[in-house]
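Some notes on the structure that comes next.
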Amino acid sequence: MIPDSLTQAQYDTVYNFFSLVIAAQLFASIFMLVSLTRVLPRYRQAMTVAAVVCGIAAYHYFRIFDSFKAAFVTDAVGGRGDYLQVAGAGFNEGYRYVDWLLTVPLLLLELIAVLALARRVQTSLLARLIPASALMIALGYPGEISGDNGIRGLFGLLSTIPFAYILYVLFVELTRSLDRQPASVRRTISQLRLLLLLTWGVYPIAYLLPMLGLDGADAWVGKQLGYSIADILAKALYGLIIYRIARMKSFADDDSFAARELSVDEAPEVTAGAPTRSGVPAPKRAPGRGTD
């Protein structure tokens with residue numbers, strides 16, 4: 001439920017955060033697309049999915065932004081005042097859940113795709129992660145739109161079951177499939193999984209606020225800010241880390257590709273196997289190979 005009124009400061013804060021999310025998602029999507037040639041073809045699927053995720057998020061935040069603006073009207077006459085809920089209008093939380101229903105499975109697809117695991121392992125992981133993520137979002141929505149704390153708590157508990165299963169697959173079963181990954185990639189994957197855990201942890205906290213009696217304007221604004229920050233980290237930043245992993249694996253897989261990607265001024269400063277400024281080990285050079 002949205003509050004009956006917002007102060008000017010509360011309205012401006014939500015307005016500006018929604019704008020920030022749109023910009024972050026939109027430009028992250030563009031970056032992923034223009035950077036496709038910076039990784040080997042086998043990793044471009046993950047990059048493309050990352051761009052799609054951010055594009056979907058940008059679109060839905062445009063809709064959320066419009067819904068927010070339509071839900072409130074200022075009572076000020078020639079100055080600054082409070083914003084009152086428009087009679088008969090509402091803030092459509094459904095846009096957010098539709099976004100999550102589409103993007104959360106794709107976030108998991110990004111992770112599996114960039115690892116380029118054996119087809120059998122990849123299929124097995126996705127066959128469990130994708131349905132579980134969709135079920136998690138679908139179970140959370142009835143509780144989100146309910147004004148009854150009992151119903152909210154029930155569906156919140158039900159959605160926690162697939163959430164816990166996803167964490168088990170990511171932190172236990174996926175770890176068993178990382179033995180052949182470069183050490184730097186394994187470390188980055190650990191950071192990526194931790195990012196998912198921390199950002200996804202924001203959503204149930206925001207979900208529980210009304211059940212804790214925090215359902216006024218401040219709590220509603222706090223929930224919108226929490227969701228916005230989590231969406232930036234879990235999609236835009238997550239996508240950039242996927243790009244970094246794709247670069248690291250591209251360098252590890254193909255010395256000639258790595259040599260082409262290294263800048264001219266960087267190449268003479270590193271030795272084979274030493275970390276470069278990009279964080280990727282320098283490729284071995286054939287005898288007599290120049291620095292171009």
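Glycine is treated like the rest: Cβ placed from N, Cα and C.
Just so you know, TrEMBL annotations are computer predictions that nobody has curated.
Annotated features in TrEMBL:
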{"type": "REGION", "residues": "268-292", "note": "region 'Disordered'"}
{"type": "TRANSMEM", "residues": "14-34", "note": "transmembrane segment"}
{"type": "TRANSMEM", "residues": "46-62", "note": "transmembrane segment"}
{"type": "TRANSMEM", "residues": "100-118", "note": "transmembrane segment"}
{"type": "TRANSMEM", "residues": "125-142", "note": "transmembrane segment"}
{"type": "TRANSMEM", "residues": "154-174", "note": "transmembrane segment"}
{"type": "TRANSMEM", "residues": "194-213", "note": "transmembrane segment"}
{"type": "TRANSMEM", "residues": "225-243", "note": "transmembrane segment"}
- Note on the structure: Maximum Cβ pairs under 8 Å to the transmembrane segment (154-174) among 14-34, 46-62, 125-142, 194-213, 225-243 is reached by 125-142
- Message: Does the structure show the transmembrane segment (14-34) and the transmembrane segment (194-213) touching, where I'm treating 3 or more Cβ pairs under 8 angstroms (sequence separation 6 or more) as a contact?
- Response: no
- Query: Out of 46-62, 100-118, 125-142, 194-213, which stretch has the largest tally of CB pairs under 8 angstroms to the transmembrane segment (225-243)?
  - Reply: 194-213
